Amino acid sequence: MSDIALTVSILALVAVVGLFIGNVKFRGVGLGIGGVLFGGIIVGHFVSQAGMTLSSDMLHVIQEFGLILFVYTIGIQVGPGFFASLRVSGLRLNLFAVLIVIIGGLVTAILHKLFDIPLPVVLGIFSGAVTNTPALGAGQQILRDLGTPMEMVDQMGMSYAMAYPFGICGILFTMWMLRVIFRVNVETEAQQHESTRTNGGALIRTINIRVENPNLHNLAIKDVPILNGDKVICSRLKREETLKVPSPETVIQLGDLLHLVGQPADLHNAQLVIGQEVDTSLSTKGTDLRVARVVVTNENVLGKRIRDLHFKERYDVVISRLNRAGVELVASSDISLQFGDILNLVGRPSAIDAVANVLGNAQQKLQQVQMLPVFIGIGLGVLLGSIPVFVPGFPAALKLGLAGGPLIMALILGRIGSIGKLYWFMPPSANLALRELGIVLFLSVVGLKSGGDFIHTLVDGEGLSWIGYGALITAVPLITVGILARMLAKMNYLTMCGMLAGSMTDPPALAFANNLHPTSGAAALSYATVYPLVMFLRIITPQLLAVLFWSIG
């Protein structure tokens, strides 16, 4: 059997063994995709014992390509929500998550200096302790750029594997410990979250308001600032028994009922100006109006602002809200449409059908992947990651590398959405498939390279010490920030658990947090709020630590 055939066969075996290990769960918690790393270690141990020789060049290419695929698809997935998460609505959660990253970096630096841990080893421990595989790839990349011997770089994967299991368990232990310390009643926390509905970011809500302000009588909607802006959408108006879709020229009268869509604070301001909230239903049922969800798939409208399409004037149809990559947004007139946007339309059936034709609404297009933008994005990302930035006093030029470059490029392209007929939207199923393929390839190679000396390091070497160092890097930031968030910010416990899981980019921890109260969306919401920024920081941090430690000796 040729070297290439043998290498591919071994990688396939690693994937099978690793995915099987990852699917084994104890009390609902498992290693998940991280099991591939341990599958690689097991197979790598026996490959080393058997004296087999695998193609090192091929393994290196597969490892790097897997990493590129993984970080690129993550960037495309979270790009639309990344910049939104930095706005005021998610600022508090992101600040706490950033604090976790900073404290983790400080603990790593202190351990490195106190115990004289080799640079590749401490970076591997850091990456494993925070359960972040792209951080491992980024760290290995910068070490190679700094001229570190390959046998030392491979130690990073081994120390990563030592710290990884407690990284998974440590966050679960932290959630449990904080619950005990603060005597949390999960049901009460869920009810509090449901009553406020503002944790992690302002949600889109709807209210019905009766016009009671005499100053608004006989004014057109376009002349009422709170209704003519981009923060509140008036999607329905009911006068006596008639329900209609209002246009900017529609004149409102005392006693009219308005159905408004917006964020809670903006709706409260509208209520102060217009009148009292009422329980009267403004449902389209039994009327000549209907509500429909339409998907943007027509290339001719990509990048166009909602106001430029004149749906209100031409079709008497109102866009009440917009869903982009799972994030609900107020459909302000200045928003530019992107491929895959889901719009809530209110209007007559024939008018909605006409608007749907303009927007595309071709569901089959959502299942198709444009491969040209994928490779354009990857190519641009690799180029971006290869650009050197020279900093005086540093031994090597800083680069984003094969982990940071594709990630940042994907975040930008995901936010832009489309350029002409090229759109970077990727169906969730395709994105997940490419992402899982990438991480399986990457972890398989890392595990294989680490497997030969893993048992010896664990039993006769410093493996147990590495596990202890990793436990500190995992636990100290989580416990510190958890206590601060609860005591100082009075953060909801379920929201805090989601934030902690997001700060470790740890899906098993999110699953655990969701199971604390299955019907509450608090944990998932805060996880999604901090995930994009934290993923970016987790990839950049090992590179900064590596250059810092290298420069100060």
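Note: Cβ is positioned from N, Cα and C throughout, glycine not excepted.
Residue ranges 28-48, 217-237 are listed, and Swiss-Prot annotates 28-48 among them as transmembrane segment.
The stretch in closest packing with the transmembrane segment (28-48), judged by the count of Cβ pairs under 8 Å and taken from 158-178, 439-459, 464-484, is 439-459.
Away from its own ends, the transmembrane segment (371-391) comes close to residues 68-69, 72, 76, 397-410, 413, 422-424, 426 of its chain (Cβ-Cβ under 8 Å, at least six residues beyond either end). The domain 'RCK C-terminal 2' (279-361) scores a mean pLDDT of 85 in the predicted structure.
In summary, the transmembrane segment (439-459) lies against the transmembrane segment (4-24): three or more C-beta pairs, each 6 or more positions apart in sequence, are under 8 Å. Among residues of the same chain six or more beyond the transmembrane segment (158-178), those with a C-beta under 8 A of the stretch's C-beta atoms are 29, 31, 34, 37-38, 41, 120-131, 136, 184, 446-447, 450, 453-454, 457-458, 463, 466-467, 469-471, 473-475, 478-479, 482-483, 486, 493, 496-497, 500-501, 504, 506, 508-509, 512-513, 516. Within the chain carrying the transmembrane segment (4-24), a Cβ under 8 angstroms from the stretch's Cβ atoms is held by residues 30-40, 42-44, 47, 52, 54-55, 58-59, 62, 440-441, 443-445, 447-448, all 6 or more beyond its ends.
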